[in-house]
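Trainee: Before I ask anything, let me first share the structure, which is written out below as structure tokens.
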There are 2 protein chains.
Amino acid sequence: MKHCDLSLYLVLDPVLCGGAEGMVDTARIAAQHGVTVVQLRAPQWKKRQWLDTAQALKAALDPLGVPLIINDQIDVALAVDAAGVHLGQADLPPAVARRLLGPDKLIGLSTSNAVQLAQAPLDLIDYLGVGPVYPTGTKADASPVIGLPQFASLMAARTLPAVGIGGIQAGGAAAVIQAGADGVAVVSAICGQPDIAGAVRALRQEIEGARP
Amino acid sequence: MKHCDLSLYLVLDPVLCGGAEGMVDTARIAAQHGVTVVQLRAPQWKKRQWLDTAQALKAALDPLGVPLIINDQIDVALAVDAAGVHLGQADLPPAVARRLLGPDKLIGLSTSNAVQLAQAPLDLIDYLGVGPVYPTGTKADASPVIGLPQFASLMAARTLPAVGIGGIQAGGAAAVIQAGADGVAVVSAICGQPDIAGAVRALRQEIEGARP
């Protein structure tokens, strides 16, 4: 399995970041101040814009040693030699992704309940995204909210590295770590914040302070 | 360059065909009666549905010797070993597609005017889709209508095999061939027609009758 520090996982939102340029600026500042993974997610975009933005993000993140994960679009990930992809349950299956990407790329899988967790192909993927932990406004097709008690039981059951995702804001990250997650994935807790560096540092401090 | 008979090129529409199953049925009947290429195009779909439908289409078309082209999604084309991809101007560039697909897959490119035609990378692609020839209702983000006189001048200028596309119905195909196209691409002239076999045979007859 490929190692990846999942502590603070930023999922970029095109609207909250004010477009592609804002996404690259947000990612750069966030990676300089403690974000450990960056995911490009822009379901409304055409692929030319995915490609251009992924290339710009990779150029910004590679010197900082922060991996770039591409949501869903395996062709874009291949085109820019991204660190990996993140797949939802309705995206291409992990077996197809692994075949196309080869053994060295990260593959993450979104799971929202115990059944999806049990069905996750452990030999094909590298980490899990589990959520939504809290209610979220940044994903139109989000699954039902899990809540912290159920999230903790999913964390106890999983055997792969996992991040909690969904509505995690400053002040809500510590409980996710205490529930057993390796890290937290955030969107609006960083994207669109007036002080991105400060927001990242505070989140990272909250996460590290909550470790067992 | 890979050879491909472009005479009658069917672009499947999920709504007009009544969903994935209807697309596969439409493609099978159409291929049995004279369609020479089938393209899967479903911009609203998630990739799992793309994959499942592409696999079903390939299983239906391979025995008939009719190539399956995947619109836009190079990862899906790779996953099912499709005959090739069709790219719009805002999709991944032909150079990226060629690198990901290798030398043996077909790559088509949509062009809507003389500038796009002049910029098409002739060494990287196998055919052109040129349109919309007529007004069309099946593509929300279609370019301005070209019209037959301008279409004929684009046909005279191009050096690659080309199909006309956009609003081509029975009775309108002959003029497209007479304007210089190698074939016609249709959507609603086949998808959703009460007699698909008859519609295909009539179109094919119209096309062959219009050849110089």
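Cβ from N, Cα, C; glycine included.
All TrEMBL annotations are machine predictions without curation.
Pulled these features from TrEMBL for this protein:
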- B:Asn71, B:Ser110, B:Lys139: 4-amino-2-methyl-5-(diphosphooxymethyl)pyrimidine binding site (BINDING)
- B:Asp72, B:Asp91: Mg(2+) binding site (BINDING)
- B:8-190: domain 'Thiamine phosphate synthase/TenI' (DOMAIN)
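For each listed feature, how buried is it and what is near it?
Mentor: Neighbour list (B:Asn71 (4-amino-2-methyl-5-(diphosphooxymethyl)pyrimidine binding site), Cβ cut-off 8 Å, at least 6 residues apart, same chain): B:Val11, B:Gln39, B:Leu40, B:Arg41, B:Ala42, B:Pro43, B:Val85, B:His86, B:Gly88.
Here the Cβ of B:Asp72 (Mg(2+) binding site) has 23 other Cβ atoms within 10 Å, regardless of which shown protein chain they belong to.
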Trainee: Could you tell me which three-state DSSP class B:Asn71 (4-amino-2-methyl-5-(diphosphooxymethyl)pyrimidine binding site) falls into?
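Mentor: In three-state terms, B:Asn71 (4-amino-2-methyl-5-(diphosphooxymethyl)pyrimidine binding site) counts as strand.
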Trainee: Which of these binding-site residues, B:Asn71, B:Asp91, B:Ser110, B:Lys139, are close to chain A by Cβ (under 8 Å)?
Mentor: B:Asp91
Trainee: What count of other C-beta atoms do you get within 10 angstroms of the C-beta of B:Ser110 (4-amino-2-methyl-5-(diphosphooxymethyl)pyrimidine binding site), across all chains shown?
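Mentor: If we count other Cβ atoms within 10 Å of B:Ser110 (4-amino-2-methyl-5-(diphosphooxymethyl)pyrimidine binding site), we arrive at 24.
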